[in-house]
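In what follows, a single structure is set out as structure tokens and then discussed.
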Amino acid sequence: MPDEDLQDILSQISRDNIESTIRKLVSFGTRHTLSSQTDPVRGVGAARTWLTAKFQEAADESEGKMTVDWNSFIKYPGDNERIIFPVNITTIVATLKGSEDPDRYYLTGGHYDSRNSNPIDYQGDAPGAVDDASGVAVSLELARIFAHYKPKSTIVFTAFAGEEQGLLGAQNLAQTYKNASVNLAAMINLDMVGNSKAEDGTTDPHNIRLFCQGTPLTENATTMTSRLSIGGDNDSPARNLGRFIYEVASNVWTEMTVRVIYRLDRYSRGGDHRPFLEAGYTGVRFVQPNEDYTQQHQNVTVRNGKQYGDLTQWLDFEYNTRAAKVVATTMWSLANAPASPTNVGINTTMSDNFSQFKWDAPKGLPVEGYEILYRETIEPHWTNVIDVGNVTWYNLTSATIHKDNVIFGVRSVGKGGYKSPAVLPFPFGCARNC
């Protein structure tokens, strides 16, 4: 059951606010990256100005805990056919400082730019209602609500720019964080979370997909070889983050089930989580359960009696609100748990029926204990939990829970029962009583 603060947060998520934000973003006509940055009513500049003011309204209610900044740079033509003249790319970043572990960050957000059928048409209408005003609306609504609370770790709410031109805003922010050695523990991308209907009319209003990369994109050859040798390719940080989100956010409070997809993204598609993965961070992407491709990246037109275009009329605002509850639960649960244990290992130097684990306590929030999780290798989610207390090693002496037959994970447990994502143990060699 969510704690009292989280229950209160969930009760405040407003369908009307989410709808209002989406309609306002659509009203700018186009939010194409190359569109006007000076017109006060049309184009990406007008959208940026309005969004910045709305995030600042949230910050003004935070008693100084939240700050709003721009992460900006100039993108020049040359290596990107979708950039045909120099353009300013500005991501809006609202940072809510953690009350106890402010150096550990969790980030969520969507992209506020849009496009139509032609990726360099910066003058034609590109309403971008689902893609991705729906995700930005969630980020803004959660910033508004969370500003009144004190999560223990830092939460960042973003509106990315330049996504449709090649994930440009996310790439720059990820590199900015990497250059500053920011401890970003997870990035949660919200890209198309506003409609549950497919092109054939199929609807799935209580499910949301979560795309989770396998073997990390930046993993070195030695670690990758070890991961593959122990069958750990399905237990990357991103996939264990996905299991965490499934566990905390699939419930009656959100009225949703998180459907974890073991892929980086959909076929031939990309999202703002990828640059964070490429920078060495853990990132995942929420996407609605079904898609209608007559509504994505389409000119607003009618052909053979059928309406095309990413219009507000296709939105299911109740679904969008439930998606916001999933994200709120995810961010609150991550930010109030201790960090995951580090240097998690399992002794494989001897052929025996015992499983000997060791790990290091994480920095930041105090840990009240640890749990060893396990599941059959064919199971998608954790099925069993062993509470091992507040120790940094454990000998599992059960011959029926054999390390050759299951996948293990170790997670931290903190105050209030908040738990970290699990970590896959890698093989190590040590003395019997290490």
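Here the Cβ of each residue, glycine as well, is placed from N, Cα and C on the backbone.
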Legend entry - Annotation match for N-linked glycosylation site in Swiss-Prot, from N234, N299: N299
Inset, instruction - Return the residue out of D60, D191, D200 that Swiss-Prot annotates for the same Zn(2+) 1 site as H111, D131. - result: D191
Legend entry - Composition by DSSP (helix, strand, coil) of residues within the domain 'Fibronectin type-III' (340-433): 3 helix, 43 strand, 48 coil
Legend entry - Non-site residues, in chain order, whose CB comes within 8 A of the mean position of the CB atoms of H111, D131, D191 at Zn(2+) 1: G110, G128, D132, G135, E163, E164, L190, M192, G271, D272
Legend entry - Alpha-carbon distance [N347 (N-linked glycosylation site); N395 (N-linked glycosylation site)] in Å: 10
Legend entry - From glycosylation sites N220, N299, N347, the one whose Cα lies nearest D131 (Zn(2+) 1 binding site): N299
Legend entry - Those recorded positions, out of H111, N220, N353, that come within 10 angstroms of E164 (Zn(2+) 2 binding site) at the Cα: H111
Inset, instruction - Quick one: among the glycosylation sites N179, N299, N347, N395, which has the most Cβ atoms sitting within 10 Å of its own Cβ? - result: N347
Legend entry - In three-state DSSP terms, the structure that N299 (N-linked glycosylation site) belongs to: coil
